[in-house]
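Written out below as structure tokens is the structure these notes cover.
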Amino acid sequence: MKLSLFGVGDAGTRLVDKLLQAEVETGRNFTDGNVLAFNTAAEAFGETDTLPEERQILIGDTHSAVNQYVEPDADGPDTDTASATSRDHSPGVAGDPELGAEVADDELPEIRRALDLVDDTEVDAAMVVAGFGGGTGCGVGSVLLEELKSIYEIPVYVLGALPAADESDERAHTAARAVRTFVPLADAVLPVDNDAWARSTQPLTEQYDEINEMVATRMLSLFAAGESDPATVSEMRIDPADVMRTLAVGGLSSIGHASIEVDTSDEGLLARLMQLLGLAEETPDTQTDAATIKRLVRSALNSKLTLPCDIESTDRVLVILSGPPSDISRKGFETGRYLLEEETGTVEVLAGDEPLPNASEITATVLFSNVTDVPRIDELQERAVAYQREQDADTAVIDTATSIEGATAVAADASTAAPDDESDHPFEFHGTEEQQENGDAHGGDTVSPDADASDESTATDTPDGDATDGSAADTSADSDTATEDGDATTAAATSSDEHE
Amino acid sequence: MKLATIGVGNAGSKVIDRMVEFEQATGRDLCRHTLVINTARTDLAKPEHVPEDRRLLIGETHQKAKGHGVGGDAAIGAEVAQTEIDDIRRIFDDVEIHEVDAILVAAGLGGGTGSGAAPVVIEELQKMYDEPVYGLGMLPGKYEGGRPALNAARSLQSFVNKVDNFIAFDNDAWRSRGQTIEEGYEDMNRELATRIVTLLAAGEVDESEVGENAMDSSDIMRTMEVGGVSSIGYASTGVDTPDDGLLSRFSEEEVSNMESTDAAKIKGLVRRAVNSRLTVPCDVASAERALIIFAGPPSEISRKGVESARDWLEQETETVDVLAGDDPRTDSDTLAAVVLLSNVTDTPRIKEIQDQAVDAQDTIQQQEAVREEEIESLITDDDNDLDPIV
């Protein structure tokens with residue numbers, strides 16, 4: 001199927017670049033050049049190899065709170081925000097998703113102009129690629145996701161890495177909130193667990209490239225299946241509708257992947273030639289038997305998943321077998337599919353193949369859609385909550401009153417996303433104080449232009465969305481608009497119901 | 001018989017394609033009109049014997065299909081066909097219906113397009129024409145999984161209710177080791193095409209060579225008119241071509257010997273046809289009507305053999321409604337017996353599919369019931385302390 005890719009932030013930009021490289025390497029052209037990258041700091045743009053320069057959009061560079069200065073030895077905002085002290089000096093939005101969202105809201109006209117470079121009628125789906133722990137990835141990513149959902153009819157997916165255990169609690173906090181933001185908005189979210197893929201001996205930053213490569217391989221096997229040679233037809237070929245239907249249930253998805261070599265010895269080639277010439281009646285022995293295919297599917301099932309999870313919690317499954325069609329046993333294909341049905345307990349298992357006549361290996365790629373038992377997400381949430389409480393405790397003394405009033409406003413908003421039984425839950429702890437603090441830190445005096453941009457760009461914004469005092473701007477219970485307090489964050493408040 | 005044939009979805013289109021291939025290879029002329037309908041553009045490119053202008057892509061403008069198939073979702077398949085029923089009707093304008101005796105709609109019942117769109121097409125055809133509309137449906141194998149079984153169990157009801165007769169083909173009965181993905185269901189499709197064409201092409205020849213024992217289209221239609229699900233048995237044997245000078249010289253002596261064995265040979269062929277793999281395994285005794293056609297050189301068909309074969313089948317099926325006749329093919333190098341068991345009511349495989357479908361439906365409903373709740377619980381922390389960013 002055809003996908004448009006939207007990289008956001010450093011991590012997202014790098015991964016999109018890697019996906020484009022993989023596209024070139026495998027000959028599976030699945031973007032048709034429909035790519036864009038957004039960043040608040042120009043740094044990651046310099047590291048790209050394949051992503052065209054004119055498709056790299058720098059935003060927020062005129063925003064007073066956005067730091068474009070890059071220290072000579074800085075690792076970039078996605079890696080050095082671990083220490084809170086370096087925050088003010090790191091480029092971009094310094095790991096602050098509220099600021100990221102604000103910048104994106106301010107620059108919506110710019111973003112929209114850039115989106116014109118991508119033709120959504122040429123693609124089957126769009127994908128936002130962003131690091132879940134980064135301020136740009138999550139902040140700008142959220143706004144972009146909302147925007148894409150409101151202008152596109154095609155599904156919009158999100159792909160991105162979750163921060164590792166040795167990254168800061170702040171990033172874990174951002175990631176937990178990103179999951180909370182992306183999932184209701186996007187048609188499906190594909191997080192990658194860096195922890196599961198990192199090798200403890202090396203610093204994570206040095207492994208990004210390998211992990212990105214691993215992700216790219218899986219993404220192309222899944223989404224670009226059949227794009228290398230659309231002329232090859234197979235009876236059980238996977239259709240874009242198959243992938244889209246599998247992902248249509250939403251939630252988080254995970255990918256497993258495994259390969260085996262096929263026999264390409266001389267006898268094999270000769271036999272195949274004989275077959276071509278009509279000299280051999282039966283399919284030669286090179287054909288990989290049913291048991292081997294079933295084993296391959298089992299290894300994909302048991303492989304290290306992009307997001308480790310309990311596969312029995314999956315909702316729908318898709319399996320793609322890529323390789324020489326003359327080597328894949330159909331019985332193996334069927335029993336492999338049935339194995340997935342038995343192991344996952346779901347009956348919605350679609351299977352297809354990608355004929356690659358000259359491939360030297362057979363690859364099984366399994367997509368587990370809507371997995372709901374994901375220990376890593378629980379872990380992230382625990383860390384995030386602990387971090388948030390810590391932050392709240394620090395600032396509670398300063399402005400208790402603001403906190404309580406602000407909480408009411410957010411509670412009204414959050415009720416749309418939260419299950420009914422939790423809608424009346426008192427929000428004693430939330431990001432308001434932190435946002436207030438950020439607003440202060442990044443200069444709350446820039447309010448006027450922000451407020452204007454916000455009114456222009458978010459059609460469903462409440463009329464009083466430009467309220468600039470520190471208390472709740474909108475407390476009406478039926479409003480979906482997350483109008484948050486704090487001068488600088490007003491613009492970040494956008495409707496969360498646009499995706500519906 | 002003369003047929004208008006319509007393949008819906010991938011499997012249905014393939015079978016129609018193979019039917020045309022087989023009739024061309026054997027000098028038959030059964031399929032007077034062919035048409036394939038699909039929701040996936042790539043699949044429409046596959047048939048080799050269906051003209052470009054007889055391929056209809058539906059669902060190109062449907063939000064979920066867009067010319068890329070329906071992802072195995074029968075509901076979307078039906079929706080797409082319903083929406084574009086005008087286009088479907090329009091393509092029949094070219095069909096000179098008075099030239100055909102019946103319409104055959106072929107579809108795989110496990111996929112989304114075949115199981116969903118084909119019943120819609122059939123319904124429309126029944127409205128438009130007086131000619132009988134027959135269904136030919138491929139039942140998914142057990143290992144194709146729960147969703148295909150559910151599609152099939154539901155679609156089967158629509159098919160059987162709407163068509164004048166439904167010929168079933170069970171993928172599981174024909175599954176064999178050693179087939180590759182490249183071959184796909186090719187050999188199955190060929191087997192099925194051979195049976196269907198041999199059966200339905202009988203009585204199409206209106207020339208002088210038609211003997212008094214020849215099977216007529218109306219005989220076949222009479223056997224099928226009882227409705228329900230039907231199964232086809234088939235067996236064939238090679239024969240010496242009479243006009244082959246060299247061979248006939250050698251076998252001249254044997255001809256007289258053969259005549260005595262002819263009757264036994266014919267009967268044996270019919271027994272094999274019924275006892276070998278039927279298109280859908282069934283209890284032969286549960287058939288309401290039956291019909292035998294012998295296709296091959298008339299000289300090979302012993303009248304005595306035909307009679308004893310018919311008697312045998314009457315006993316097996318416990319019905320007196322057994323017709324037997326010839327389809328003379330003077331130049332054919334094979335003698336084939338094809339047996340149609342009409343309205344068989346005891347088919348274990350259909351029961352199995354229904355059981356699998358009920359289980360699948362339960363699983364799907366359970367998943368749907370908790371889906372939103374589970375996603376919500378995954379993305380929120382225990383106390384719902386964390387807020388979304390936008």
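Cβ atoms are placed via backbone N, Cα and C, with glycine included.
Just so you know, TrEMBL annotations are computer predictions that nobody has curated.
Taken from TrEMBL as is:
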DOMAIN    A:2-230  domain 'Tubulin/FtsZ GTPase'
REGION    A:68-99  region 'Disordered'
BINDING   A:GLY135, A:THR136, A:GLY137, A:GLU167, A:ASN194, A:ASN212  GTP binding site
REGION    A:412-500  region 'Disordered'
COMPBIAS  A:424-443  compositional bias 'Basic and acidic residues'
COMPBIAS  A:448-462  compositional bias 'Low complexity'
COMPBIAS  A:468-480  compositional bias 'Low complexity'
COMPBIAS  A:488-500  compositional bias 'Low complexity'
Using all protein chains in view, find how many other C-beta atoms are within 10 Å of the C-beta of A:ASN194 (GTP binding site).
24
A:GLU167 (GTP binding site) falls, by three-state DSSP, under coil
Pick from A:THR136, A:ASN212: which of these binding-site residues has the biggest number of other Cβ atoms within 10 Å of its Cβ?
A:THR136
Least Cβ-crowded entry, counting other Cβ within 10 Å, from the binding-site residues listed as A:GLY135, A:GLY137
A:GLY135
Per-residue pLDDT averaged over the domain 'Tubulin/FtsZ GTPase' (A:2-230), given as an integer
87
